[in-house]
Amino acid sequence: MEEEKYLPELMAEKDSLDPSFVHAMRLLDEEIVKFQDSEGNKEDGEKKYLDIISNKNIKLSERVLIPVKQYPKFNFVGKLLGPRGNSLKRLQEETGAKMSILGKGSMRDKIKEEELRKSDEAKHAHLSDELHVLLEVFAPPGEAYSRMSHALEEIKKFLVPDYNDEIRQEQLRELSYLNGSDDSERGKGTRGRGIRVPSTPSRNRGGVISPAFPGRGASATRGAPITRGTISTVARGIPTPRAKAAPTTPGYRLPPPLTIETYDDYGYDDGFGEDYDEQSYDIYENNYNSQTQSVSEYYDYEHGTNEESYNHYEQEEWSKSRSTLKAPLQRPARAGYREHPYGRY
């Protein structure tokens, strides 16, 4: 009997036997394993030495059995392939090894698989074998064995019959994403309606701005010590405006009382359009004209000022203030004193 045809005949007899023939099935399995071991020993005998100096590429191949007999209801092929075969592709890229699912049950179409098994073509001879994963590596010796070891460790994780492990959950998420039903990546933001909340409390629309420091026209507290040579930021001589009921900001009115609107009554067209359309441009012009007059008075530094209202710093005051010292300092006489602090300008 030719050795090339012996193994396929053993596999064919095993498939043709009824599972009730337990002893015949056991004997056939032992014969198949014995023949495969003898073939492996022949190959090992021919390959006696490994040349690592030349660093030539070698080919390694291993067949990993898929435990379909122990777990017949679990879909190992589907777990290995993943959605659209992406899991097996990523596994090959990660390990650097070529992986192929071969053997009985590796094809989805069972009728076509049976037809190809009965054919005598050598490329379909694997359909008579047990369901397994063929690992092939073609690389230099050191790298080849390293890739094979990595591939064996990774393929072992896919042969665990667990429906809720990390690999299975990742495949389900990928499948939902590919089908377009993954809503986790789409953010659905809700927008509050009915109440308008100002973003910053510094200035409200139509409201009054609370001044943090004295503005124009504010009166300064008299009697406070004044540093010589510095210009005060408070305007002098301009009367303080009286308090008014309406805000002083031109073009704005007090907002209506805040009301909470329902979702049905609120619309995107509602806003401040009806309140501010009634104002005309004449109101803005009158406000700006009145403002220009007050500005001109503000920059007129001599308007409403009297020389008598300010203290004159002369030599007598300096001599009186230094009377308590034992030896007053002698200050050189100055050429003259300015009558008004803004005289030079």
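Using N, Cα and C of the backbone, Cβ positions are placed for all residues, glycine too.
It should be emphasised that the depicted structure is a prediction, and the values quoted were computed from it without experimental measurement.
Features as listed in Swiss-Prot:
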type: DOMAIN; residues: 65-131; note: domain 'KH'
type: REGION; residues: 178-224; note: region 'Disordered'
type: REGION; residues: 321-345; note: region 'Disordered'
type: COMPBIAS; residues: 336-345; note: compositional bias 'Basic and acidic residues'
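For the domain 'KH' (65-131), the model's average pLDDT works out to 88. Taking H, G and I as helix, E and B as strand and the rest as coil, DSSP gives the domain 'KH' (65-131) the counts 35 helix, 6 strand, 26 coil.
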